[in-house]
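Peer 1: Take a look at the following structure, please.
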Amino acid sequence: MRSSFLVSNPPFLPSLIPRYSSRKSIRRSRERFSFPESLRVSLLHGIRRNIEVAQGVQFDGPIMDRDVNLDDDLVVQVCVTRTLPPALTLELGLESLKEAIDELKTNPPKSSSGVLRFQVAVPPRAKALFWFCSQPTTSDVFPVFFLSKDTVEPSYKSLYVKEPHGVFGIGNAFAFVHSSSVDSNGHSMIKTFLSDESAMVTAYGFPDIEFNKYSTVNSKDGSSYFFVPQIELDEHEEVSILAVTLAWNESLSYTVEQTISSYEKSIFQVSSHFCPNVEDHWFKHLKSSLAKLSVEEIHPLEMEHMGFFTFSGRDQADVKELKSIQSSCQFHCKLSPDVVFSNNMLNRETEVSNFLRDEANINAVWASAIIEECTRLGLTYFCVAPGSRSSHLAIAAANHPLTTCLACFDERSLAFHAIGYAKGSLKPAVIITSSGTAVSNLLPAVVEASEDFLPLLLLTADRPPELQGVGANQAINQINHFGSFVRFFFNLPPPTDLIPVRMVLTTVDSALHWATGSACGPVHLNCPFRDPLDGSPTNWSSNCLNGLDMWMSNAEPFTKYFQVQSHKSDGVTTGQITEILQVIKEAKKGLLLIGAIHTEDEIWASLLLAKELMWPVVADVLSGVRLRKLFKPFVEKLTHVFVDHLDHALFSDSVRNLIEFDVVIQVGSRITSKRVSQMLEKCFPFAYILVDKHPCRHDPSHLVTHRVQSNIVQFANCVLKSRFPWRRSKLHGHLQALDGAIAREMSFQISAESSLTEPYVAHMLSKALTSKSALFIGNSMPIRDVDMYGCSSENSSHVVDMMLSAELPCQWIQVTGNRGASGIDGLLSSATGFAVGCKKRVVCVVGDISFLHDTNGLAILKQRIARKPMTILVINNRGGGIFRLLPIAKKTEPSVLNQYFYTAHDISIENLCLAHGVRYVHVGTKSELEDALFVPSVEEMDCIVEVESSINANAIVHSTLERFARQAAENSLGIVSASSFLHPMIKNVLLCQVSGIQYSQYRVKLCDRPTICSDEFSQFHREGFILSLTLEDGSIGYGEVAPLNSNVENLMDVEGQLQLVLHLMNEAKFSYMLPLLNGSISSWIWSELGITASSIFPSVRCGLEMALLNAMAVRHDSSLLGILHYQKEENGSAQPHSVQICALLDSEGTPLEVAYVARKLVQEGFSAIKLKVGRRVSSVQDALVMQEVRRAVGVQIELRADANCRWTFEEAREFGLLVNSCNLKYIEEPVQNKDDLIRFHEETGLPVALDETLDDFEECPLRMLTKYTHPGIVAVVIKPSVVGGFENAALIARWAQQHGKMAVISAAYESGLGLSAYILFASYLEMENVKASTEQKQGTPPSVAHGLGTYRWLSEDVMMNTLGIFRSPYSGFVEGFIADASRNLKDVKINNDVIVRTSKGIPVRRYELRVDVDGFSHFIRVHDVGENAEGSVALFLHGFLGTGEEWIPIMTGISGSARCISVDIPGHGRSRVQSHASETQTSPTFSMEMIAEALYKLIEQITPGKVTIVGYSMGARIALYMALRFSNKIEGAVVVSGSPGLKDPVARKIRSATDDSKARMMVDNGLYIFIENWYNGGLWKSLRNHPHFSKIAASRLLHGDVPSVAKLLSDLSSGRQPSLWEELEDCDTNISLVFGEKDVKYKQIATRMYREMSKSKKSVNNIIEIVEIPEAGHAVHLESPLRVILALRKFLTRVHNSSTETELSQKLLLALKEM
């Protein structure tokens, strides 16, 4: 017997296993599970060497007992994980891992123990099962196993039907043993655990067994055997992970050399038994491979596996503990040559020889042989059409244990179903039909399969030869019935025992070889039968079975086909491929065109090809990457330029004339877009390289110059090995700019339309898809709409982290359709087949005519065989809507179109569904569609979703979108062309760079109290800031920041944000495309500044946008209007010279007094007046004023009212009824409740305008505005400084204009600078509206009087320039003149008399302070920002690996409230230490006590008073400790993502041991590898999504003394610091607990801390608050600095006020005592 391991005792596993011997399985009752999204382990155990069976390290475990002896020595080993670049194939992934290990051998680890994991992403369907089955039965390496992830009734048959994802593993990296904490002599022992918080390490094993050193297995309660494989392939939906794990421990006599030697045995075996050339058709070999598993399966036994999980349910919140282990009940595991466990993996059916010899007659023998050979070839899915002639084939298929049969009465639908199955499974389905026209009905599907290269096996029954041509029933000529559309035809003779059955088998084998060859396609076997209905026994000679003994003794096909290839063929680049590679290398303007792709391996390869070439990528909707899911950090990256909207861009003549390529590579099949094809024709000649695996000609335009017959994987391999230099052309930047502009425009137009449109369906459909779903698109309009209006979207899948580190920026979505012949027949049936084949949840979208063309497909849908539920969208526009978009529609009579093209109908789809028993849902609105797509059905059932549409409305929508796409393309191209001509591009990207920025605070006098102020307001002045932005060429742009001092923002908070903006904008770069607005500025703010646009105060964003746009205008020698409204010179349309101004009237006084003022305004030249209402005792009084004003000004003057949400509904209704005769243009916000706005209009008839309602939206107002499309809402009043700048204002205005509403720009008492910008912006909106109306032939819209009359309140101005608002000599009305406004903004002259102060940013003073602690001098790096007259000081402490630098942006933001100081905590950054102690103590102990003492002494040097201490993570623990222990010096503490430490002794011991191990890992492997592993943890998921994550991670490398950083990690471990939980309720310091919304762990900790602190306060004035920062994770201050600044400023103010009150109280009390 061989020796083996003693293994662990997981306390959470049942121990009910009886004794058993090897090769026997045990029945255990366990609840079935669903696999988690990720498999992770927290604490594992054991180290011990096995000499013969499975060498490896052993750890204690797999989990520490609750009553562990705390006197034990504890060691925790950290796994170091290295992620390699993604591999093109599984084989190349192995090579990548080999190279990594070879490098490790040349530079072996210096540590005496360790665990290393190398992992690489490989294509998702890497075939773990086949790789496992390829291993030799006499394996030299153990354990070796396969574990299925199938959780729904797994069985041997399900391996064929479902092809489940699974795990293959081999070798033993380490295993786990359970051991007592004392030895036999009672001495304490060293316990060793494995702890990993980031790697995807998984342990596998069995509970309640003892696998001993003699390689025997016994049942033993409390024992278990778990191991981590040395080599592992783990398959997921999105990606597969191939990994190698190595472990060593020299103290247990297992060295690095030994573990590498063991690995080499494992890698040699798996590499030697790996057949890449059969990967494409591995299903042919599955049955024979599974047959090799010769172990007898007696009873089911579940194989346990466990993963890493975070546990926080005990007293402490950061202890990790294993949860209950998930289990699988389909597996095969060889622990040794003699110990094998298996369940649901083996076939226990009767041998083939028996059932063939037992057949009743020769017909049954041949039929059974055909079906058996099909199953051996991997064909297990049979589509059976009922019929007498095919009865023997149907019965044989139905009775075979491995087949899945589907029956349908309609052969046509059945055949299309088989096509769909081939698309999804990549293997043929078998179609069985009777004779006659049943065969003919297959022709449409055969044509589609032939044209789309889909494998299909047709078994058509037939009459025997003697009944042919003699008028026999159902006898037609079936010889070569499908002509050239099949790859192979053979007419079998009628069954007879005179012909060896071998002939039948070789014919089937040959047919499948043709079906799956390089030109895949349908094959046809015609099968004549005599007496097909006679099942009675007849004598037949078994001699026909001669020669089948070997075949009947195994599970392999009779004839196996092999293609001999050189093992070096992929790496050789000779002959023609060398010529092609040279063409690619010399390309200057390359384009990668990705056509239709069926396989995930090829989609994966196309992504890696795009990543290597770095060319612009145009992806067809059927490519799988057109509707990709983007990982958030890559949304703004330039690495992959997918030009998704090239089809839209080509509507523009300018774009068509611009584009030219010198090399185009097309991988995949046909492309959908006709305009892209036309573009290629126009660009020709160029080198056109077409790559496809079939040899057929696919070149309708006759452009292909280089035809490569190869699959995409092979071609990509050649390209990837060549390593081409990257060239980024100017065209590359142009296409990127075009695509971004059009994408934003299409998104806006589709979303802004209130009704449900067909483009909206395509747009939302793409967002609803996930990696676990797939899309089947119907022909005609659906595929064109999805190709044009589908979009990529962000993804948050669990594999994101892996694919990010693997440098793959996106995840694909499997998409298919019937594009071989592009017919509309059989689509529903094809979609159901696709769902069966791909094993995913399929969404299908078809038109109504396509649906009606295949209603028999509902019968197949109803059967729901072997697939997941489907959602089928039927776009019902009552006919063939595509013809309405064709030129013929303009020249043909409507009656002819309706009858012969549209084929209009009134068929009820609902009734059809009802008749077939299929669930039906009707949607007519956007929200209903979203519910149907996004809200999961409680019932797991299929659903037909009918989307109501109309042909004419759809045509109008498409025409409108085409027009706006063309405009967006023209505008963006105009900006790009002008910019690139005037200024050189930075690395071929159009960017400006900021060279300087400053702001000045102003204070101007007003001549009256603003109408926004209360009656108590008596100071007539306006305060704000002027932002000045200088570009690298000296161009200067000005912007105004004018907060209204509301509850949203005030002057002090705004200045804090401005200071941060100044810091972030230093040398920032921005694109010339910002003037396109429509999301471009928001994207830039996030990608360049690293802050979300929604976190910026509206007035700050408005001023920033104003400055940016004005600077760009100056740079281009243009104006704000000129860059917003790009217009070609040859266009010739004159720009407006002015915009009308609406006067503002505060309705104080009697009705006659107000009317008098109104009359004076009319005399001054105002054509419109807005009255403020809602200020009086009752609305009746306001109505009387309005009536009097109307009488005074006459009917020609436009009157508006503004109630500012002051009235109840009843009050507003009363006003509305009284002023109905006053002909008001509108009233703004008449009611307090926004839900009453439409009701108010309906009951009063008074038009309503939105104003304050617009203030409530955040980043996307369109969804909110959808509620206000009612015609009674006639206008939107937009204050740019309130809604957040020009981009948001333009978005709202465009929505309003699109829905026929007025867009009125309104000022908020800005200075002349802001008013000048608003004049130009209002003019831009007017011009856009005129342009849109003209193109829609709606006539010229009336001019709008904009709400800029607040200029009359200005007693003085910020600018010395004359404000260009005066009475026009031409119109006689008061207007804002564009020329004056443009001139003012181009040459701004600041009135220094109103400037209070100017700031170019807060300077940072950097210096060192020395503090002496415990015989060491610590020279602490200090960053000092700001001065505060009142003496407030805030000390900022960074987290582990950080430095004081990371706090500087926030410190600048709150420097106006306090002097801000950050430090490099001892051991970090540039802080250093010098020893004055004995030589034996060369480094200090960085304990909590030592750090706190050092900082305390530092504070004493900084200030004699108290400080508020702000700490993040590790710094937060220090801050809390100091707040509790040094309250005499600390007046407040802000604990950001921090904790009080650990209370549980076991948790403390584990955590300190874990941190010790991490410290050793840092010293042994270096800081770079440590940081790579550190930030792979789940705690940092949100931070990894930040656009500046790479920069943040790089900043963590800037530490001068890495050993000190490592020592601090150990010494300051939360397991060693004093637990502060017991002290919280005695805290007498002001505390603010801050955490991120996404940081679940620290949110729970903060909540618990808050409860503890709130129990008892020592002072009634103490502040205890809890603050949640939206849209942020653990690193709150880095992810959302503006919101942190706001929270800190408020807390510091409260602390200061509280301290002041306390001092006053103490003085008062002292005075009273003295009295």
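Just so it is clear, glycine is given a Cβ too, placed from its N, Cα and C backbone atoms.
The active site, proton donor annotation in Swiss-Prot covers Lys1170. Marked as active site, proton acceptor by Swiss-Prot: Lys1279. Among the features that Swiss-Prot reports, Mg(2+) binding site is placed at Asp1202, Glu1228, Asp1251. Taken from Swiss-Prot, the feature domain 'AB hydrolase-1' applies to 1435-1540, supported by sequence analysis. Taken from Swiss-Prot, the feature region 'Inactive isochorismate synthase' covers 20-273. If you look up Swiss-Prot, you'll see 981-1364 marked as region 'O-succinylbenzoate synthase'. Annotation comment: Swiss-Prot describes 1418-1715 as region '2-succinyl-6-hydroxy-2,4-cyclohexadiene-1-carboxylate synthase', evidence class similarity to another entry. Per Swiss-Prot, the feature transit peptide maps to 1-19. Feature annotation from Swiss-Prot assigns transmembrane segment to 429-449.
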Peer 1: What parts of the chain pack near the transmembrane segment (429-449), using Cβ distances under 8 Å and only residues at least 6 beyond its ends?
Peer 2: 374, 379, 381-390, 393-394, 397, 410-412, 414-419, 421-422, 455-463, 474-476, 478, 481-482, 485-486, 521-522, 524, 818, 820-821, 823, 825-826, 833
Peer 1: How many of the residues that make up the domain 'AB hydrolase-1' (1435-1540) does DSSP mark as helix, as strand and as coil?
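Peer 2: Its residues divide into 38 helix, 25 strand, 43 coil.
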Peer 1: Can you give me the Cα-Cα distance between the residue listed as 'active site, proton acceptor' and Lys1170 (active site, proton donor) in Å, rounded to a whole number?
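Peer 2: Cα to Cα, the residue listed as 'active site, proton acceptor' and Lys1170 (active site, proton donor) are separated by 15 Å.
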Peer 1: Can you tell me the CA-to-CA distance separating Asp1251 (Mg(2+) binding site) and Lys1170 (active site, proton donor), as a whole number of Å?
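Peer 2: That separation, Cα to Cα, works out to 13 Å.
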Peer 1: Which whole-number value in Å describes the distance between the Cα atoms of Glu1228 (Mg(2+) binding site) and Lys1170 (active site, proton donor)?
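Peer 2: Pair distance, Cα basis, whole Å: 10 Å.
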Peer 1: Considering the binding-site residues Glu1228, Asp1251, which residue's Cβ sits among the greatest number of other Cβ atoms within 10 Å?
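Peer 2: Its Cβ has the most other Cβ atoms within 10 Å: Glu1228.
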Peer 1: I want to check the contact list for Lys1170 (active site, proton donor): same chain, sequence separation of six or more, C-beta distance under 8 angstroms. What comes out?
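Peer 2: Within the chain, Lys1170 (active site, proton donor) has Cβ neighbours under 8 Å at Cys1142, Ala1143, Leu1144, Leu1145, Leu1199, Arg1200, Ala1201, Asp1202, Glu1228, Gly1347, Gly1349.
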Peer 1: Among all protein chains shown, how many Cβ atoms are found within 10 Å of the Cβ of Asp1202 (Mg(2+) binding site), not counting that one?
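Peer 2: I get 26 for this one.
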Peer 1: To what whole number does the mean pLDDT across the domain 'AB hydrolase-1' (1435-1540) round?
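Peer 2: Averaging the confidence scores along the domain 'AB hydrolase-1' (1435-1540) gives 92.
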Peer 1: For Lys1279 (active site, proton acceptor), what is the tally of other C-beta atoms lying within 10 angstroms of its C-beta?
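Peer 2: 24, counting other Cβ atoms within 10 Å of Lys1279 (active site, proton acceptor).
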Peer 1: Excluding Asp1202, Glu1228, Asp1251, please set out which residues of the same chain place their CB within 8 Å of the center of the CB atoms of the Mg(2+) site, keeping sequence order.
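Peer 2: Counting only non-site residues, the set is Lys1170, Arg1200, Ala1201, Ala1203, Asn1204, Ile1227, Glu1229, Ala1249, Leu1250, Glu1252, Val1277.
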Peer 1: Check Lys1279 (active site, proton acceptor) against DSSP and tell me helix, strand or coil, would you?
Peer 2: coil
Peer 1: For Asp1251 (Mg(2+) binding site), what is the secondary structure by DSSP, using just helix, strand and coil?
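Peer 2: DSSP assigns Asp1251 (Mg(2+) binding site) to coil.
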